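Chemist: Could you have a look at this structure, given as structure tokens, before my questions?
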Amino acid sequence: MGKDPRKPRGKMSSYAYFVQTRREEHKKKHPEASVNFSEFSKKCSERWKTMSAKEKGKFEDLAKLDKVRYEREMRSYIPPKGEKKKRFKDPNAPKRPSSAFFIFCADFRPQVKGETPGLSIGDVAKKLGEKWNNLTAEDKVPYEKKASRLKEKYEKDITAYRNKGKVPVSMPAKAAAPAKDDDDDDDDDDDDEDDDDDDDEDDE
């Protein structure tokens with residue numbers, strides 16, 4: 001199935017806005033020059049790493065605004081028949097817990113980057129994977145225990161989160177049914193009394 005042209009454009013990250021700005025600047029300076037995408041991406045990545053938080057600020061603001069735009073448009077977007085609507089992620093929902101491997105990565109990523117500066121994200125991940133595979137089962141235990149605790153906490157949090165928005169099923173509607181029958185019985189009794197009165201009048 002082709003892409004739905006009415007589907008909202010995906011949200012852009014602060015880095016994507018930075019790259020877009022750099023590309024536009026490059027086109028203005030060199031309108032006729034062709035761009036080596038790989039080389040251009042590498043330069044953008046290097047420049048982004050050396051930028052201060054203040055320099056990145058305007059791009060982060062643009063990303064925040066675009067996120068608001070995207071979330072607003074996705075709420076009102078109705079996908080074509082046969083295509084499932086992408087489930088909107090509630091930012092307040094509990095985040096899924098990290099696995100033992102990801103907890104290990106968070107601990108050792110700075111070390112790997114420090115040992116080999118300039119590594120790409122992919123190469124860092126590869127080295128972390130190798131380190132993890134070289135660990136003994138005993139060495140992995142602390143990370144697995146932490147992951148287990150995080151999973152238990154997540155399961156409690158997600159249950160509480162799901163129940164928070166639910167309205168409990170009330171019983172009054174069912175309880176009202178017998179009451180209605182009682183009323184009907186009362187009406188029948190009244191009818192019977194009326195009939196008795198009529199009979200008395202006939203006897204007179």
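The backbone N, Cα and C atoms fix where each Cβ goes, and this holds for glycine too.
Swiss-Prot feature annotations, pasted as is:
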- 8-78: DNA-binding region (DNA_BIND)
- 94-162: DNA-binding region (DNA_BIND)
- 181-204: compositional bias 'Acidic residues' (COMPBIAS)
- 162-204: region 'Disordered' (REGION)
Chemist: Per DSSP, what is the residue tally for the DNA-binding region (94-162) in helix, strand and coil?
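Modeler: Counting residues by DSSP class gives 56 helix, 0 strand, 13 coil.
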Chemist: So what's the mean pLDDT when you look at the DNA-binding region (94-162)?
Modeler: 89
